[in-house]
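K.L.:
In case it helps, TrEMBL gives these features for our protein:
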COMPBIAS  B:1-12  compositional bias 'Low complexity'
REGION    B:1-20  region 'Disordered'
TRANSMEM  B:41-65  transmembrane segment
TRANSMEM  B:85-104  transmembrane segment
TRANSMEM  B:125-149  transmembrane segment
TRANSMEM  B:169-194  transmembrane segment
TRANSMEM  B:201-222  transmembrane segment
TRANSMEM  B:251-272  transmembrane segment
Amino acid sequence: MIQARGLTKRYGHRTAVDHADFTVRPGHVTGFLGPNGAGKSTTMRMILGLDRPTSGDVTVGGRRYPELGAPLREVGALLDAKAVHPGRSARNHLRCLAQSNGIPERRVDEVLALVGLESVAGKPSRGFSLGMGQRLGIAAALLGDPPVLMFDEPVNGLDPEGILWIRNLMRNLAAEGRTVFVSSHLMSEMALTADHLVVIGRGRILADTGMRDFIDANATSHVLVRTPQAGHLGPLLAARDWRVEVEADQALRVYGASADQIGDVAADHGFRLHELSPVQPSLEEAFMQLTGDTVEYHAGGPARPAAGSGDGPPAAGGGLPQAPPPPPPTIGDDLHGGGHRA
Amino acid sequence: MSTATTATAGTAEPDPGRPRASFADVLRSEWTKIITVPSTFWTLLAGSLVVIGFSVLWAFAFTSTYDQLSPDARADVAPTSPMQIAFYFGMVIFGVLGVLVVTAEYTTGMMRTSLTAVPRRPVYLAAKALVLGGVVLVVGEAVSFLSFFLSQAVLATKDISGSLGDPGVLRAVAGGGVYLALIALMALGIGVIVRHTAGAVVVVFIVLFVLGIVGGFLPGQWGETVAKYLPSNAGSAILVPVEQSGVLPPWQGLAVFALYTAVVCAAALAVFQSRDA
Ligand SMILES: Nc1ncnc2c1ncn2[C@@H]1O[C@H](COP(=O)(O)OP(=O)(O)O)[C@@H](O)[C@H]1O
Ligand SMILES: [Mg+2]
């Protein structure tokens, strides 16, 4: 269990982490989600005692990191995959770490096998690819068989196979009852791996909640309706106090109504429906709504959808929006704006 | 991906009863670290070759010019004279090793990994210093004795060689290894403070090499006194078998150098403790 209380870090005048309170519990993959520069790495360095908090504190299993007797047996961390001496072999790198914490040296070969690096274990890590370096970092994290694991942006620069491998590894570690804390600025990655979320923006903790709860609390599900008579059905639905948005292709997004209700209205008035599908909001939508004005960095595109997707109640009795809203922005991500079809 | 991470049953929270890493564990780790990077071998080899090689070369220089020397100058030639000069040229290389063991960790990012494994920084630094000091002491003694014996073989051709039994010679030769170990430790401290390899090497070079030369240009009585206390002048006093004017007494000189080393290392520990890694 990782517990932060009022954790704050200032670099000069810049506040990197601002009174962060959160708890990371065992048995889950807890995603640490926030855009670049939000303070994720700084928080993780403070957890590991590398950076000293300006104020507040953070404990692992109830103790501050430097007080841990054999820290690698209690916390495994992957901060930066390149944090190894390039002239030292992978095996020797792990041997140094094992010895420093009184970990039996046979464990070195176990973790090398676990991450699939046996064949290059004797080679200097200078020649390692990014993926191999990442695996070596993970081997080091697993060395002490620790109950708490932390990974800072572990999938950055990995190929799809490596990403899948890490994702499964983290899930398995959590399933074994361990505490798994993984940071990412990639929405899709978080949506696939984490079941609990700590969301950070500009150093502030914006949410500390379950993945589903987070999405439900911060984005609304809606129903996608396709009909050749959108121009007629749309105003009819809007007249019932349901918020209606029109897509460029004349598809309607209806908020505040169930598919059954919409289907009934359409049938009562004799409209043809070509599609009627409930849409679950995506993590991305929820995130954008929450952080709309805390996000510092966007990979292009407008900061948030223009009209109609505010978190306020749908405009009562409002007509159709004048123009279709621009597609929601993406944060270097492959999720499309409409979320997952349920 | 298998889940076989030797599941510790019901891993939940750190158990306070779990074993603590001992100082011996950290020492062992630092020993493995220093012997598993090629740069250790190469710097030690380079330092050894320069000191031993120059000792022999300067012994030849002495024997070939001995006949032309004035009686006064002849009196100044001690059996350890060639190695004194050789140390002056070679000692910086042992300093480079001291710098590298820590700056290589900073520049590669290994420092963060190391401090995650050993978060108590004084423990980490003490283990590093002990291992480095030990390695350089052993190699330094070997270098010092080899330098002495090989240069004596050359000096013997002019009958100006000495032996370990001569007054102060054993102390001078054995002290040479200690001096090199102290140099490495001082450089370690400088490396911790500066963090960058090139910058730290430049500082070591200035402290050991340049200051010694500058000292020779200081005017007057005052200048001579200051020169005696400059780091490399004080430290190399241990290599002089019989007390000489313009040089601190051997033990006192080495003690002064050890004091400088202690001050640098204390400063290094202070910044190392307070700084973010
Ligand atoms: N050592 C440092 N010195 C000064 N500013 C820093 C330092 N480390 C991080 N920062 C700043 O703190 C903020 C948070 O950075 P970081 O924790 O790396 O964010 P993230 O990992 O979420 O991308 C950034 O604005 C960054 O520029
Ligand atoms: Mg980061």
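The backbone N, Cα and C atoms fix where each Cβ goes, glycine too.
Unlike curated records, TrEMBL annotations are generated automatically.
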K.L.:
Between the stretches B:41-65, B:125-149, B:201-222, B:251-272, which one has more Cβ pairs under 8 Å with the transmembrane segment (B:85-104) than any other?
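P.N.:
Between the candidates B:41-65, B:125-149, B:201-222, B:251-272, the best contact partner of the transmembrane segment (B:85-104) is B:41-65.
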K.L.:
Using a Cβ cut-off of under 8 Å, list the residues of the same chain at least 6 residues beyond the transmembrane segment (B:169-194) that approach it.
P.N.:
47, 79-80, 83, 87, 91, 94-103, 125, 128-129, 132-134, 136-145, 147-148, 162-163, 200, 203-204, 207-208, 231, 235-236, 238-241, 250, 254, 257-258, 260-261, 264-265, 267-269, 271-272
K.L.:
With a Cβ cut-off under 8 Å, give me the same-chain residues at least six positions beyond the ends of the transmembrane segment (B:41-65) that come close to it.
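P.N.:
Apart from its flanks, the transmembrane segment (B:41-65) reaches 77, 81-83, 85-87, 89-91, 93-94, 96-97, 100, 135-136, 139, 142-144, 146-148, 150-155, 157-158, 160, 180.
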K.L.:
Can you tell me which parts of the same chain pack against the transmembrane segment (B:251-272), counting only residues 6+ beyond its ends and a CB-CB cutoff under 8 A?
P.N.:
121-122, 125, 129, 175, 178-179, 182, 185-186, 188-190, 192-193, 228-229, 231, 233-238
